[in-house]
Amino acid sequence: MAGERRHKGMRLSKLYSFKCLKPFSKEDHSQIGSRGYSRVVFCNDPDNPEALQLNYRGNYVSTTKYTAANFIPKSLFEQFRRVANIYFLVVAFVSFSPLAPYTAPSVLAPLLFVIGATMVKEGVEDLRRRRQDVEANNRRVLVLSKNNGEFSKTKWKNLRVGDLVKVHKDEYFPADLLLLSSSYEDGVCYVETMNLDGETNLKLKHALEITSAEESSIESFRGGVIKCEDPNEHLYSFVGTLHYQGQQYPLSPQQMLLRDSKLRNTDYIVGVVVFTGHDTKVMQNATDPPSKRSKIERKMDKIVYILFSILIVIAFTGSAFFGIITRRDITDDGKKLRRWYLRPDKTTVFYDPKRAVLASFFHFLTALMLYGYLIPISLYVSIEVVKVLQSIFINQDQEMYHEETDRPARARTSNLNEELGQVDTILSDKTGTLTCNSMEFVKCSISGTAYGRGMTEVELALRKQKGMTMTTSQDDEIKANPTKSVKGFNFWDERIVDGQWINQPNAELIQKFFRVLAICHTAIPDVDGESGEISYEAESPDEAAFVIASRELGFEFFARSQTHISLHEIDHMTGEKVDRVYELLHVLEFSSSRKRMSVIVRNPENRLLLLSKGADSVMFERLAKHGRQFERETKEHIKRYAEAGLRTLVIAYREVDEEEYRMWEEEFLNAKTLVTEDRDALIDAAADKIERDLILLGSTAVEDKLQKGVPDCIEKLSQAGVKIWVLTGDKTETAINIGYACSLLREGMEKILITLDSPDIETLEKQGDKDAVAKASFQSIKKQLREGMSQTAVATNDEANENPEMFGLVIDGKSLTFALDKKLEKEFLELASRCGSVICCRSSPKQKALVTRLVKSGTGRTTLAIGDGANDVGMLQEADIGVGISGAEGMQAVMASDFAIAQFRYLERLLLVHGHWCYRRIAMMICYFFYKNLAFGFTLFWYEAYASFSGKPAYNDWYMSCYNVFFTSLPVIALGVFDQDVSARLCLKYPLLYQEGVQNILFSWERILGWMLNGIISSMIIFFLAINTLASQAFRKDGQVVDYSVLGVTMYSSVVWTVNCQMAISINYFTWIQHCFIWGSIGVWYLFLVIYGSLPPTFSTTAYQVFVETSAPSPICWLTLVLVTFSALLPYFTYRAFQIKFRPMYHDIIVEQRRTERFESGTRTTSALSGELPVQVEFTLHHLKANLSRRDSWN
């Protein structure tokens, strides 16, 4: 280590005293040694006998689901969790007994094929995970060697608890480390935690002074013992104590470097390994996300149970008839035989008239196996294949690719594709989801004067909503911004830009205002070596916008050491640029509870200054009496900025006396060195003491612009009948105005505002009686909810009004707390259900998740949550579908999501196009699966009835085995992947088409049972038409009628032709792939007949040469095939003709409209180009929209 230079003169002991040494939570170090806090680490001594006895885990990490030893048993267990697979396994075992109506291999083969294919898929996916594990485990890191006292490289997987490691810049930490020292003399380092929590801003970590000061002897650092908490999943907490040289030093999260985070802006660090492998916090957090199943999949399980019920019913029916008929085959005295040719007097137990009940029971078992083809064995694997292919199409959709960030849409799970087409309610975050989370400095108020020309998107939307027009001068203001485009800066005011502020009468205050913006922050400048341009690494977009604004207006922050900050400033007296260096003494960091940030600096004139910025709710109360000169004007400007959808902060400062500072610093340093439970409170109190008697300078206003296409997307989703809720932490005024800007609140929509900002509540709050406040608040919310219900009931019950006035509900966070109470949540949900849009303001992450849970459980309909930050994770996991925006707040929301997109506007295409297609495809695919299995399975039942329930199958064993796997599987997969009822353009043009999924029209019980009935009717037509056509006349030249094998081939061919032709007429959008699969499946059947029939009769049995020698040369077989196929399809043709004419579905209306347009394009081009619908179609859509607007979505 001696060979590496440390940065001298850079100490953070004062600069970051509040930020870095304050624990994130109230850790109680007295718990060390008790249960849950028993870990002991011997620093730089992993071979210590006591350490060896502890036997901690190694650093080898495995994220695979299987191992080589448990893959087969565990994978098989996963497969046989499905009821259908268990059934076929039992059938396969029983098929080895005499009860089986077919040979065992013919049952085992398809089962092994389906299960084997699924296991191969699981194995391939797990192999990919294993390769990632191998790569991570074999990365190398420098570890201090006990032999020579030097650092040498070793693999990550070989690290042990207690090892001393050295990590260089831009390398990942191999385990959870305790920071001992760094390349900075004060032992600080910068860490990027994107892989951990998704946040892109850098975190500052700080070593203990005792370890950072021993840089020269760090190689011999031994004797230190760490006693700390046991492994847990809490990323932002750590409780521990370092015992070193007879002293105890409390440890906090600021000394912990977590595995998979990266070292940035620091040459190197040295740390000791505390947690390894699966004990690290990142691995403790690597739990599987909540298991989500689509509503269609859950309903499909019920259908399988129905099929099992049908199977049992027909098996029992057949067995009962078999028992009755068998009993009659011999009289009681045994002298008369009715079916003498069966020799009932000399038979086995399976056919014994004297023991008919027992024979009937055995027949029941045989029938359960025989009719097993009612259960689609390949359904689950087919759906998995289809969903994976659908996900690939979503991932590769160029229309959802964001070129600026190089981020495509990504389906992180394929289980919920069809749910995208059934979304009834969208619950959305605002910042970073509807907006860009890329702040731009647009306006400011300095010494009571407002600066900043132009209008925000929200102001433009409000003018449009109020019907106000833009004057020429206002329009020129918006467009006349001659400044160059700078990210984070969209400010123009000729009084300030280009150094003109020095000519303002309040130039001195303007100078102080922008100095605060340039100094009061924790940003890090990054100078480009080639161009010399400066960019900033800031903890938030707001902070970056302030630093950029101060730079653009003459106060350029260009350098930072650990104790100084340097600016290029314009001197307001001379107008010349000067360099000024400020000594940084303390940074009092921003937190959600403090709502402010302050720095204490010493300026070049040797004056002590406290510079502060924060929320108006905490800043105005801290102003000195002589510092409120511009308070009224500033508050008015802040209100105006909030109405314009801008985020505001108050800027203030004060001079600090040397004596006051000395006394305060002593108190502050004493508070931060305490190791007691009230440490946090004492630190906050000390910080609060100096942040008093401030002098107001003004306020800032930054705009978080709406993402491109958000208003159009929301408008389109609303037209599709989707309800949209926005859950935001913004103020009520800001949220309402953003609602108007993004079309969430629309012209003519009446607002229902639920709030606790009333004089009565405020009076009670001042009295301090919390119980009285809670009781009064509860009653107030209850009253407001009921008033809202009455208000909406009048419009809802007004039958004369076909389009009742829509309502928008706005509720703040305090009110939401009471609205989510068990006693009021039903009323709140009922009111919300009657509103077209809902905005929840000042919502906490927990409230977001609770609201999502309420909507999901209370409505029973599909909910979709969309967000971009870590505070949205609970909401995303609670909803039926979680969509993450890969935006500026990191990737944590994406990592917890089911689907990821780069921009909110892509949600329109994800739902209205892919969601609609996937829902329609999966619904049709499942219905068709059950149709084709019933059409096939019931021909076996009819044949059984025709043959006196003999237990003899109508078909050859291998015909039946290959039916689901080879002759009918590929067309249904093609349907699930490629079919389109209308094009993507028409899906977006007619968003009401989306209601097919929301109302679950295509997978309703009516439709499911209709398809099942169609299958049963088809089976009846196929069997009875075939048997009556072939059996009653001579078939061979010698006059013999058809035998069992010919009848079986003809009937089976009819089934294959019918179900594949049914597929052909059900498909709306043909591709060459579908043609290939449909007609190819039929061709494969005949090819199979030829090949299988050419095998020796001992194997092919009834199929031996039956096609080549018997069926193919016979015209009657082909004529019967044509007649049966056409007749079996006729009921569906008839039903569809009736439906299209008298009860058209949504897509039927659209298709008809397109046909009308094409038909009239030659004679009435203008009408066709206008896109108007035919009168009948317009009438249908008009009433559909009226019904949709009236319907109570959640009744």
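Every residue gets a Cβ built from N, Cα and C, even glycine.
In the structure as shown, the Cβ atom of ASP429 (active site, 4-aspartylphosphate intermediate) sits within 10 Å of 30 other Cβ atoms. Taken from TrEMBL, the feature active site, 4-aspartylphosphate intermediate covers ASP429.
Here TrEMBL flags ASP429, LYS430, THR431, GLU543, PHE590, LYS613, ARG647, THR728, GLY729, ASP730, ARG842, LYS848, ASN871, ASP872 as ATP binding site. Listed in sequence order, LYS430, THR431, GLY813, CYS841, ARG842, SER843, SER844 are the same-chain residues six or more apart from GLY729 (ATP binding site) with CB atoms under 8 A from its CB.
Residue density at ASP872 (Mg(2+) binding site): 32 other Cβ atoms are found within 10 A of its Cβ, drawing on all protein chains shown. Feature annotation from TrEMBL assigns Mg(2+) binding site to ASP429, THR431, ASP868, ASP872.
Annotation source TrEMBL lists domain 'P-type ATPase N-terminal' at 41-102.
Over the domain 'P-type ATPase C-terminal' (894-1144), the average per-residue pLDDT in this prediction is 89. As annotated by TrEMBL, domain 'P-type ATPase C-terminal' applies to 894-1144.
When Cβ-Cβ distances below 8 Å are used as the criterion, the transmembrane segment (83-101) is approached by residues 107-108, 110-111, 114-115, 301, 304-305, 308, 350, 362, 365-366, 368-370, 372, 375-377, 379-380, 951-953 of the same chain, each at least six residues removed from its ends. Taken from TrEMBL, the feature transmembrane segment applies to 83-101 (among others).
The transmembrane segment feature in TrEMBL is assigned to 107-124 (among others).
Annotation source TrEMBL lists transmembrane segment at 303-325 (among others). When Cβ-Cβ distances below 8 Å are used as the criterion, the transmembrane segment (303-325) is approached by residues 83-84, 87, 356-357, 359-361, 363-364, 367-368, 370-372, 374-375, 926, 930, 933, 941, 944-945, 948-951, 1008 of the same chain, each at least six residues removed from its ends.
What TrEMBL records for 361-383 (among others) is transmembrane segment. Within the chain carrying the transmembrane segment (361-383), a Cβ under 8 angstroms from the stretch's Cβ atoms is held by residues 82, 84-85, 87-88, 91, 94-95, 99-102, 107, 110-111, 114, 117-118, 297, 300, 304, 307-308, 310-312, 314-316, 318-319, 322-323, 349-350, 922, 925-926, 929-930, 933-934, 936-938, 940-941, 944, 949, 951, 953, 960, 963-965, 969, 972-973, 976, all 6 or more beyond its ends.
Per TrEMBL, transmembrane segment is recorded for 922-943 (among others).
According to TrEMBL, the transmembrane segment annotation covers 958-978 (among others).
According to TrEMBL, the transmembrane segment annotation covers 1008-1031 (among others).
Sequence-distant contacts of the transmembrane segment (1051-1070) (same chain, at least 6 residues past either end, Cβ-Cβ under 8 Å): 924, 928, 931-932, 935-936, 939, 943, 954-955, 959, 963, 967-968, 971-972, 975, 978-982, 1018, 1022-1023, 1026-1027, 1078-1079, 1081-1082, 1085, 1111, 1120-1121, 1124-1125, 1128-1129, 1132-1133, 1147, 1151. What TrEMBL records for 1051-1070 (among others) is transmembrane segment.
Residues annotated as transmembrane segment in TrEMBL: 1077-1095 (among others).
Cβ atoms under 8 Å from those of the transmembrane segment (1115-1135) belong to residues 935, 1010, 1014, 1017-1018, 1021-1022, 1025-1026, 1029-1030, 1033, 1035, 1046, 1049-1050, 1053-1054, 1057-1058, 1061-1062, 1065 of the same chain, restricted to positions at least 6 beyond its ends. Per TrEMBL, transmembrane segment is recorded for 1115-1135 (among others).
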Could you tell me whether the transmembrane segment (922-943) and the transmembrane segment (1008-1031) are in contact, taking contact to mean 3+ Cβ pairs under 8 Å with a sequence separation of 6 or more?
yes
Whole-number Å distance separating the Cα atoms of ASN871 (ATP binding site) and ASP429 (active site, 4-aspartylphosphate intermediate) is 9
Sequence-ordered, the recorded positions among ASP429, ASP868, ASP872 whose CA is within 10 A of the CA of ARG647 (ATP binding site) come to none
The DSSP breakdown of the domain 'P-type ATPase N-terminal' (41-102) into helix, strand and coil residues is 27 helix, 2 strand, 33 coil
Rounded Cα distance, in Å, between PHE590 (ATP binding site) and ASP872 (Mg(2+) binding site) is 21
Most Cβ neighbours within 10 Å, among the binding-site residues THR431, PHE590, ARG842, ASP868, ASN871, goes to ASP868
Whole-Å Cα distance, ASP429 (active site, 4-aspartylphosphate intermediate) to ASP868 (Mg(2+) binding site), is 8
Near the transmembrane segment (1077-1095) in space but 6 or more residues beyond its ends, with Cβ under 8 Å, are 958, 962, 966-971, 973-974, 1049, 1052-1053, 1056-1057, 1060, 1063-1064, 1103-1108
